[in-house]
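Annotated features, as they stand in TrEMBL:
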type: SIGNAL; residues: 1-20; note: signal peptide
type: DOMAIN; residues: 20-56; note: domain 'CBM1'
type: REGION; residues: 60-96; note: region 'Disordered'
type: COMPBIAS; residues: 74-96; note: compositional bias 'Low complexity'
type: ACT_SITE; residues: Asp183; note: active site
type: ACT_SITE; residues: Asp229; note: active site, proton donor
Amino acid sequence: MKSFAALYALVALLPALASAQSAEWGQCGGIDWTGSTSCVAGSTCTKLNDYYSQCIPGTAAPPSSSNTPPPTSQPGSPTSAPTSAPTSAPTSAPSASNPFVGVTPYLSPYYANEVQQAAAAISDATLKAKAASVANIPTFTWFDTVSKVADLGTYLADAQSIQNSTGQKQVVQIVVYDLPDRDCAAKASNGEFSIANNGQANYYNYIDQLVAQIKKFPDVRVIAVIEPDSLANLVTNLNVQKCANAQTTYLTCVNYALKQLASVGVYQYMDAGHAGWLGWPANLTPAAQLFAQVFKDAGSSPFIKGLATNVANYNALSAASPDPITQGNANYDEIHYINALAPVLQQQGFPATFIVDQGRSGQQNLRQQWGDWCNIKNAGFGTRPTTNTGSQFIDSIVWVKPGGECDGTSNSSSPRFDSTCALSDADQPAPEAGTWFQEYFQTLVSRANPPL
Ligand SMILES: *[C@@H]1O[C@H](CO)[C@@H](O)[C@H](O)[C@H]1NC(C)=O
Ligand SMILES: *[C@@H]1O[C@H](CO)[C@@H](O)[C@H](O)[C@H]1NC(C)=O
């Protein structure tokens, strides 16, 4: 954590200052708020909802949503289909506080096994030891096919048993990722279900199976990322026919997932793309309107905590300086994106908090275009998962994408070939999405920042 220590030290000062007076855009009231209720000069404490009052610059007028009209449709950045292990959920009443606090992340045995095998294949002793240490870093488990759901029960039972023997409450971190006509704006992560072939019913069955496993272990907490790329594609990619066709089904299926998972106490974060996608100022308000509507349509459950950003992407949480590819977007990293989006969500009635994937964000300024997402060359593992985020809006830095699992194949003859995976900034040759990419993993290890 060395190179980030200074940053955290700086950011850590902010809450201390805020206890005297909250900063511009800082929280200044709301249910369970114990900090300052006054704002620095030049801003006014404004109630956005029962849970959140905020220091709005100027008078008490609500924050104006977007600034200048900038580039709208950024290329949708699709994610890859990773594989991993599961989690479980609690039955207890949701708390307004951070679900990552007071729990120990359960380590995915699936990913740990992949990492151990990868380390065993490395001859250099120093690199081997660093590689092996990745197995101890909490990483989400992706349920990207219905056939993997049975494993969730195994992981939950294991987590329950660890919880019993250590007395430490366990949290299983999962990704729900099996929509029909999945990944509608790209090809690499096409899923198993199609809308034309009973996709909605198949998806409901997939969710029902997840819920059945989670129900059996009410004492183990489960935190879930909901459907990477899906709702973001509905914000910017309805010009893609497959996305337009999928719109109604995506909304219906995500609504079902949110409600069913909330009913068994799963804390949920809907995927919200990243700064270079929905973070363009012209996309912020349409995105906030969609997420808030989805939240309300699912009953505004407090288990629907908020949004996940940068899943499987490469953006810094807080960049030292803007990457040249972000030119023109004031929201050039995830913290700027989140600070811009959160107030608009609150205005729309969704008091969302965030989690941010930093698993592969250790190295910056690697891409030719901001929309490039596939196996970016020279990437390194990033900031370790922590609740010490320096932001009131961010519940935790997380590792959602299991580093080493491929984003997509570079083989142009494959049916799942996406040309993004053959761009000059994409590492090649690359195997199929979700399968192990040893050379890529070794680079992530050797270029980790902070170092492993
Ligand atoms: C955990 O402890 C509870 C009782 O406290 C018990 O009912 C349950 O069977 C235990 N589970 C495991 C997996 O050890
Ligand atoms: C590329 O994909 C084609 C079609 O699936 C396959 O036959 C071929 O062996 C693959 N090439 C490589 C180098 O993997």
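The backbone N, Cα and C atoms fix where each Cβ goes, glycine too.
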Separation of alpha carbons, Asp183 (active site) and the residue listed as 'active site, proton donor' (Å): 7
DSSP state at the residue listed as 'active site', helix/strand/coil: coil
The residue listed as 'active site, proton donor' - helix vs strand vs coil (DSSP): coil
